[in-house]
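As written in Swiss-Prot, here are the features:
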type	residues	note
BINDING	Arg4, Tyr5, Ala6, Pro7, Ser8, Glu40, Tyr180, Arg198	L-glutamate binding site
MOTIF	7-17	motif ''HIGH' region'
BINDING	Cys92, Cys94, Tyr113, Cys117	Zn(2+) binding site
MOTIF	236-240	motif ''KMSKS' region'
BINDING	Lys239	ATP binding site
Amino acid sequence: MAGRYAPSPSGDLHFGNLRTALLAWLFARSEGKKFLMRVEDIDEQRSSKESAESQLADLSALGLDWDGDVLYQSTRYDAYRAALEKLDTYECYCSRRDIQEASRAPHVAPGVYPGTCRGLKEEERVEKRATLAAQNRHPAIRLRAQVTSFDFHDRLRGPQTGPVDDFILLRGGQEPGWAYNLAVVVDDAYQGVDQVVRGDDLLDSAARQAYLGSLLGTPAPEYIHVPLVLNAHGQRLAKRDGAVTLKEMLIDAPLHTIFSRLASSLGYEGVNSAPQLLEIFDPTTLSREPFIY
């Protein structure tokens with residue numbers, strides 16, 4: 001049994017990222033689970049080794065420890081390919097503009113792929129494949145879903161039902177890449193992760209991931225989607241809000257003060273270290289409301 005934190009190494013972690021990481025660590029450690037670290041670096045254009053090292057150093061500085069070696073998704077491509085071959089899939093030749101225009105149809109739910117390429121005849125596929133090849137582009141690979149919704153359980157929100165469409169498993173374009181939904185399901189199963197603590201901006205992904213896990217024969221983990229940190233304007237905190245990364249905050253405050261701010265955002269005052277917070281952490285008292293930075 002294990003929890004995990006899985007950042008994408010595209011820059012320094014900000015206060016909201018650090019808070020979610022702390023919560024993932026607290027939930028796992030307080031329940032006697034292993035805590036694993038995974039670097040989600042499948043977006044090779046945005047990811048960097050330097051960002052990964054910086055993120056891991058920040059988490060360690062805050063007192064978060066993990067079990068075993070860090071797993072890098074960039075080493076797992078063979079596993080994703082093996083999983084893909086087990087699934088019912090089809091090629092998608094749509095551009096982003098194609099999907100946006102098709103999604104404006106009144107019968108299509110926002111954010112749901114309308115299935116444009118699902119029923120194409122083979123001769124149509126050959127033609128569209130050739131058109132993309134002439135542009136040095138590859139088709140995407142989509143799951144041929146057999147349901148339009150799927151049930152899952154969230155520890156903070158109870159029973160949930162979310163939309164499922166023919167979502168992308170392998171991104172197309174000039175540089176194809178593995179999609180988040182496939183990679184995260186395969187890696188959670190591989191690592192034995194049975195508890196996923198993450199921001200509630202990813203709640204909409206849970207139904208797709210739980211459904212995909214069912215197709216691959218892996219049980220869904222316990223989902224715990226925690227409230228985000230928002231800025232003063234009620235928008236999700238971002239690095240552009242200024243002085244929100246650990247390095248920036250350390251300019252004006254010592255590390256124990258920054259940790260105290262993180263603990264305070266969870267409702268614990270006067271706590272200056274991860275071990276101290278772990279001793280008193282009570283998941284039942286976690287606020288369901290976002291924290292305003």
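Including glycine, each Cβ sits where the backbone N, Cα and C put it.
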Confidence summary (mean pLDDT) of the motif ''HIGH' region' (7-17): 94
For the Zn(2+) site built from Cys92, Cys94, Tyr113, Cys117, further residues of that chain with CB within 8 A of the site's CB center: Tyr93, Asp98, Ile99, Gly115, Thr116, Arg118, Ala140, Arg142, Asp166
Ala6 (L-glutamate binding site): tally of other CB atoms within 10 A of its CB: 22
Check: same-chain CB within 8 A of L-glutamate site center, minus Arg4, Tyr5, Ala6, Pro7, Ser8, Glu40, Tyr180, Arg198: Arg38, Val39, Val184
Distance, Cys117 (Zn(2+) binding site) to Glu40 (L-glutamate binding site) (CA atoms, angstrom): 29
For the binding-site residues Tyr5, Tyr113, Tyr180, the one whose C-beta sees the most other C-beta atoms within 10 angstroms: Tyr5
Cβ packing number for Arg198 (L-glutamate binding site), 10 Å threshold: 21
Summary of DSSP states over the motif ''KMSKS' region' (236-240), given as helix, strand and coil counts: 2 helix, 1 strand, 2 coil
Cβ neighbour count (within 10 Å, all chains shown) around Ser8 (L-glutamate binding site): 19
Three-state secondary structure, which DSSP defines for Tyr180 (L-glutamate binding site): helix
Proximal residue to Cys117 (Zn(2+) binding site) among binding-site residues Arg4, Pro7, Ser8, Tyr180, Arg198 (C-alpha distance): Tyr180
Secondary-structure category, per DSSP, in which Arg4 (L-glutamate binding site) falls: strand
